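**Student:** Pasting the relevant annotations from TrEMBL:
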- Arg201, Gly202, Gly203, Lys204, Thr321, Ser539: CoA binding site (BINDING)
- Gly401, Glu402, Pro403, Asp425, Thr426, Phe427, Trp428, Gln429, Thr430, Asp515, Arg531, Arg542: ATP binding site (BINDING)
- Val553, Val559: Mg(2+) binding site (BINDING)
- 36-91: domain 'Acetyl-coenzyme A synthetase N-terminal' (DOMAIN)
- 100-484: domain 'AMP-dependent synthetase/ligase' (DOMAIN)
- 547-629: domain 'AMP-binding enzyme C-terminal' (DOMAIN)
- Lys629: N6-acetyllysine (MOD_RES)
Amino acid sequence: MSATTSAIESVLVENRVFPPADAVVKAARISGMAGYEALCKEAEADFEGFWAKQARANVQWSKPFTRTLDESNAPFFRWFDDGELNASANCLDKHIGSPTENKTAIIFEADDGAVTKITYKELLARVSQFANALKAHGVAKGDRVLIYMPMTIEGVIAMQACARIGATHSVVFGGFSAKAVHERIIDAGAVAVITANYQMRGGKELPLKAIIDEALAMGGCDTIRNVFVYQRTATACNMVAGRDKTFTEALAGQSTECAPVAVGAEHPLFILYTSGSTGKPKGVQHSTGGYLLWAKMTMDWTFDLRADDIFWCTADIGWITGHTYVAYGPLAAGATQIIFEGIPTFPNAGRFWQMIERHKCTIFYTAPTAIRSLIKAAEADEAVHPARSDLSSLRILGSVGEPINPEAWMWYHKNVGGERCPIVDTFWQTETGGHVITPLPGATPLVPGSCTLPLPGITAAIVDEMGNDVPNGSGGILVIKRPWPSMIRTIWNDPERFKKSYFPEELKGYYLAGDGAVRSADRGYFRITGRIDDVLNVSGHRMGTMEIESALVAKTDLVAEAAVVGRPDDVTGEAICAFVVLKRSRPTGEEAKQIANELRNWVAKEIGPIAKPKDIRFGDNLPKTRSGKIMRRLLRSIAKGEAITQDTSTLENPAILDQLAQTN
Ligand code: ATP
Ligand code: MG
């Protein structure tokens with residue numbers, strides 16, 4: 001790395017540090033950095049012993065395991081593989097006979113504001129009854145079931161019921177098209193679909209069953225025998241006689257008791273297709289034992305969960321975050337959680353803050369994309385500002401899904417967390433099953449924009465293209481050196497792609513995350529700099545797209561969001577192209593030129609002239625996946641002036657591509 005690059009990076013050193021308050025440290029499960037370091041040492045001294053001890057303490061095994069880790073067929077690692085368990089029993093049955101049985105498991109707030117609560121005991125009865133209905137329709141251990149449901153208690157019931165009988169679920173986000181559903185049904189070889197007639201979002205009734213019908217009509221879905229339809233709204237939908245059953249029909253006469261089916265620890269609990277930010281979605285296959293272990297442990301560690309917490313993860317069950325921190329983790333940990341059906345901007349953009357107040361939420365976990373859009377909304381309209389709600393119940397905030405820009409972090413900290421709540425910026429992936437690099441609320445001094453340090457037992461590191469460690473302060477490739485229990489087991493139907501994507505030979509058998517990162521020189525903290533293919537090289541200077549985006553977003557009076565990509569340039573090798581959403585309306589003509597100039601000068605001042613975007617374009621929005629992530633690969637094509645020929649099946653807002661293709 002050249003001296004100039006180091007100079008560029010030194011400007012970006014984040015000096016703000018927020019240590020946890022003494023009282024928080026004292027009360028925490030992992031108390032202070034000493035507590036954190038002790039656990040790391042334990043894992044280092046006896047890796048398998050550490051995990052075996054945790055697996056015995058945190059999971060109820062119907063047959064105890066005797067082998068902890070089997071590396072004989074690496075990278076197809078096996079954990080606890082002669083043990084048996086049931087995931088649903090570990091989330092529900094486990095609490096029966098303890099005070100938790102009558103505790104509220106889920107506080108459900110519907111789109112229209114109606115609130116329904118369900119206790120652990122009631123949830124167990126409903127999961128068991130639905131599991132019996134699935135069995136009665138011939139769904140058995142090892143079968144795959146596609147779930148296409150709105151955010152509802154029934155969505156969680158569907159997942160838990162599959163787990164209860166050993167069926168592998170594959171949840172598809174309710175915003176995906178028939179084509180995406182069709183591909184996933186075929187790839188997974190699903191025998192049944194669980195869906196709803198409609199879903200309610202933002203006051204609108206949106207069809208789900210009709211999309212399933214369309215997908216099934218595309219052909220090749222002969223494996224599907226039944227479609228179970230939850231009647232979310234009173235509106236009728238098409239039902240195919242024999243094949244389709246309403247929940248009411250399927251549940252009629254079914255007992256509310258159903259013995260959980262014990263499965264081997266490596267039995268696939270679910271397949272989940274990644275969000276597609278970087279290419280064709282991959283069917284990530286997860287295990288039962290190792291996955292559940294980490295879901296439970298990270299609830300306790302990252303969120304420092306207590307018996308009286310009201311936990312709220314805003315992610316949809318269609319994403320990994322909604323699997324681990326809605327459908328499994330909170331239940332395995334015996335938490336009370338909020339599930340929200342609707343969208344953050346309905347009936348107004350104060351909905352999240354009003355709900356925190358209404359339900360006395362203590363732990364709030366959301367995504368940077370939501371935070372950025374709510375900042376924009378709060379600044380435009382005082383009535384939806386978080387200050388209008390009583391947020392004093394909050395004690396911990398979380399962020400997930402993308403790097404959070406330091407300025408968005410500061411706003412979240414100040415306006416939502418009242419400068420009192422630690423923010424856990426959790427770095428992880430569909431493939432990692434749960435958090436891997438994250439602060440601990442009662443231990444880690446926080447630095448805005450940094451996911452700080454790996455959890456104990458996670459051997460995260462930064463290496464070069466040959467797998468050699470790079471010193472702190474230099475950027476490189478993020479890897480995890482040793483396997484961990486909740487890691488991806490394979491790509492469904494494609495073990496070769498699994499090996500190639502995640503365990504490339506040059507990297508010494510390390511797990512390749514696909515993200516670039518840098519560790520700070522002083523604390524060794526990790527900061528994610530963007531996807532590996534998002535690193536820019538301008539006149540020989542390597543820069544992460546994230547640095548420039550954060551600099552643009554730091555112009556807080558003007559910029560709401562920014563995405564930066566490179567495009568080939570004859571002179572500089574690569575030129576920087578920035579796509580910007582302003583807090584005001586989209587400028588055109590002379591005005592656009594003037595604002596673009598202002599932003600260029602701003603970046604020059606914040607980072608250095610080398611980082612000045614050559615091209616700045618304005619849009620009403622950015623192309624995002626349905627989970628809210630910016631799709632930079634599409635922006636790269638636009639920047640080059642190419643037609644888009646890539647997979648756009650997971651794109652939320654296709655119309656935006658044309659707008660961004662226009663030059664000023
Ligand atoms: P695909 O793999 O199909 O391209 P995806 O990577 O967007 O899709 P996910 O598994 O949902 O699918 O997202 C994981 C990625 O999200 C990480 O690799 C990283 O790029 C980003 N990410 C998640 N959390 C954080 C975080 N706290 N800080 C920085 N980046 C994060
Ligand atoms: Mg990914």
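Backbone N, Cα and C define each Cβ position, glycine as well.
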**Student:** Summarise the domain 'AMP-binding enzyme C-terminal' (547-629) as counts of helix, strand and coil residues per DSSP.
**Tutor:** 28 helix, 27 strand, 28 coil
**Student:** So among Gly203, Pro403, Arg531, all listed as binding-site residues, which is physically nearest to Val553 (Mg(2+) binding site)? Use the C-alpha atoms.
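**Tutor:** Of the binding-site residues Gly203, Pro403, Arg531, Pro403 has its Cα closest to that of Val553 (Mg(2+) binding site).
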**Student:** Determine the mean pLDDT over the domain 'Acetyl-coenzyme A synthetase N-terminal' (36-91), rounding to the nearest whole number.
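**Tutor:** 98, rounded to a whole number.
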**Student:** Reported in the order helix, strand, coil, what are the DSSP residue counts of the domain 'Acetyl-coenzyme A synthetase N-terminal' (36-91)?
**Tutor:** 27 helix, 7 strand, 22 coil
**Student:** With DSSP assignments reduced to helix, strand and coil, which class does Pro403 (ATP binding site) get?
**Tutor:** coil
**Student:** If I take the Cα of Arg531 (ATP binding site) as reference, which of the recorded positions Arg201, Thr321, Val559, Lys629 has the closest Cα?
**Tutor:** Lys629
**Student:** Which binding-site residues of Thr321, Pro403, Thr430 contact ligand 1 in the sense of C-beta under 6 Å?
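**Tutor:** Within range of ligand 1: Pro403, Thr430.
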**Student:** Taking the Cα atoms as reference points, how far is Thr321 (CoA binding site) from Pro403 (ATP binding site) in Å?
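**Tutor:** Just about 15 Å between their Cα atoms.
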**Student:** Quick check for the class: what is the C-alpha distance, in angstrom and rounded, between the residue listed as 'N6-acetyllysine' and Gly401 (ATP binding site)?
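**Tutor:** Given the Cα positions, the residue listed as 'N6-acetyllysine' is 7 Å from Gly401 (ATP binding site).
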**Student:** Nearest to Thr430 (ATP binding site) in three-dimensional space, by Cα, is which of the binding-site residues Gly202, Ser539, Val559?
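**Tutor:** Of all the candidates listed, Gly202 is nearest in space.
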**Student:** Quick one, of the binding-site residues Arg201, Lys204, Arg531, which Cβ has the fewest other Cβ within 10 Å?
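**Tutor:** Ranked by other Cβ atoms within 10 Å, the binding-site residues Arg201, Lys204, Arg531 bottom out at Lys204.
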**Student:** Can you check which residues sit near Trp428 (ATP binding site), meaning Cβ under 8 Å from its Cβ, same chain, 6 or more apart in sequence, and list them in order?
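**Tutor:** Spatial neighbours, sequence-distant, of Trp428 (ATP binding site): Ile320, Val400, Gly434, His435, Val436, Ile437, Thr438.
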**Student:** Please give me the CB contact count at 10 A for Gly203 (CoA binding site), counting all chains in the structure.
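**Tutor:** Around Gly203 (CoA binding site), other Cβ atoms within 10 Å: 11.
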**Student:** Listed CoA-binding residues Arg201, Gly202, Gly203, Lys204, Thr321, Ser539 - what's their greatest C-alpha to C-alpha distance in Å?
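**Tutor:** Spelled out: the longest distance between any two Cα atoms in Arg201, Gly202, Gly203, Lys204, Thr321, Ser539 is 51 Å.
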